[in-house]
Amino acid sequence: MKPTVWHHLRLCPHGHPDETIDDAAIAVDETGTIAWLGALSALPHGYAHWRREDLHGAWVTPGLVDCHTHLVYGGTRADEFAQRLAGVSYEEIARQGGGIVSTVRATRAADETTLFVQAAARLQPLLAEGVTAIEIKSGYGLDLASERKMLRVARQLGERFPVTVHTTFLGAHALPPEYAGRADAYIDEVCDRMLPTLADEGLVDAVDVFCERIGFSLAQTERVFEAATRRGLPVKLHAEQLSNAGGTALAARYRALSADHLEFLDEAGIEAMKAAGTVAVLLPGAYYFIRETQLPPIELLRKHGVPIALATDHNPGTSPLESLLLTLNMGCTLFRMTVPEVLQGVTRHAAAALGRADRHGALEVGRQADFAVWSVGSLAELAYWIGRPLCEQVVRGGTTVFRRMNG
């Protein structure tokens, strides 16, 4: 690529709307790395001969990060949506053989090509909203071959689309039917066979567990964490969504990258997260979709200074959400977060939840030039508008990979 100076832009380099530069410029070298940024009036003379790209006063933020998704799976669960509307709880559906296990059946039956095509269709709306990094979990295979298939598809998405994909092995997502009544035996399989094999194949960036009364116990979760730690892999946790099971404190002991959901999180768990540097990932799409009433403890998270990230939690059962911008709005309207909080929640803090705050979530000299260009008058509009296409252009590694066509 040709070295380029992107200029006449309003720059928000760290995702905080109170830290901006008017009439700014970003100089990107031939490797796609940011060589300089700041006020256009201070642009060094050495960049005078570089190609110019005029953004006509548009806002520029770091590329967005969706740090919790289950994007690869077979089928849908629209029928269960109707059941929930009729009063059947998520837990009841799961106990009747629905829920996660129904998606497991569909995912096992699908081949890699089918899973790729379906996941690609879910990914593209996110890319058109400025997402340049995304986490994709496994967890709908629940056997070695199917978990491998999911993670291979996730890797392929990162190779064939302009987005950095971080993969998370979530083999301990639910108990597969063939292990009914034998949860400890299944955890043996996860720890002794599935995780080592998939890690050796280079398919795993992090390890997650669903720690809940309808998922896995603290003791079982710790076994998975121990297996991940032996492999040098960071851990994450689905925690305190339906009850306070104490999973967050356990995650903090293992210095988890993040603990996610957290509606029933208590102050002791928050203190443990703060001490461990664990990010709180809140998922308002799931809260909305399954009509939860227990709000996550936003004020306590603020009080203790725990970084808060937001994500779509895209999945077929509890959050079939394909808009990170709508997630911003939900964070404000449902969880009473501020605009600075939600914007940092999908940039700097979301990157930290992936363990890659050094790579994503900010625009700084020496970093890859991943940024989004917005047709808004103020950054508050990113959380304000519902359904309006706001992203005009996405740049990844200094190259435009998306441009909205007018009309």
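Just so you know, the numbers here start at 1 and follow the chain as drawn.
Backbone N, Cα and C define each Cβ position, glycine as well.
The Fe(3+) site in Swiss-Prot is built from His68, His70, His238 plus one of Asp313, Asp358, Asp370, namely Asp313. Residues Asn315, Gly317 are given by Swiss-Prot as N-formimidoyl-L-glutamate binders; from Tyr47, Tyr140, that same site also lists Tyr140. Residues Arg77, Tyr140, Gln241, Thr318 are recorded by Swiss-Prot as 4-imidazolone-5-propanoate binders, and the candidate that the same record lists for that site, out of His45, His173, His360, is His173. Reported as a whole number, the C-alpha separation between Asp313 (Zn(2+) binding site) and Gln241 (4-imidazolone-5-propanoate binding site) equals 13 Å. Here the C-alpha separation of Thr318 (4-imidazolone-5-propanoate binding site) and His70 (Zn(2+) binding site) works out to 11 Å. Close to the recorded Fe(3+) site, the chain also has Thr69, Lys137, Asp260, His261, Leu283, Ala286, Ala311, His314, Asn315, Ser319: residues not among His68, His70, His238, Asp313 whose Cβ is within 8 Å of the site's Cβ mean position. In this structure, Asn315 is the one among the binding-site residues Gln241, Asn315 with the smallest number of other Cβ atoms inside 10 Å of its Cβ.
Look at the binding-site residues His68, His70, Arg77, His173, His238 and count other Cβ atoms within 10 Å of each Cβ; Arg77 has the fewest.
Of all the Cβ atoms in the protein chains shown, 24 others lie within 10 Å of the Cβ of Gly317 (N-formimidoyl-L-glutamate binding site).
Each residue contributes its Cα atom, and for Gly317 (N-formimidoyl-L-glutamate binding site) and His238 (Zn(2+) binding site) those atoms are 15 Å apart.
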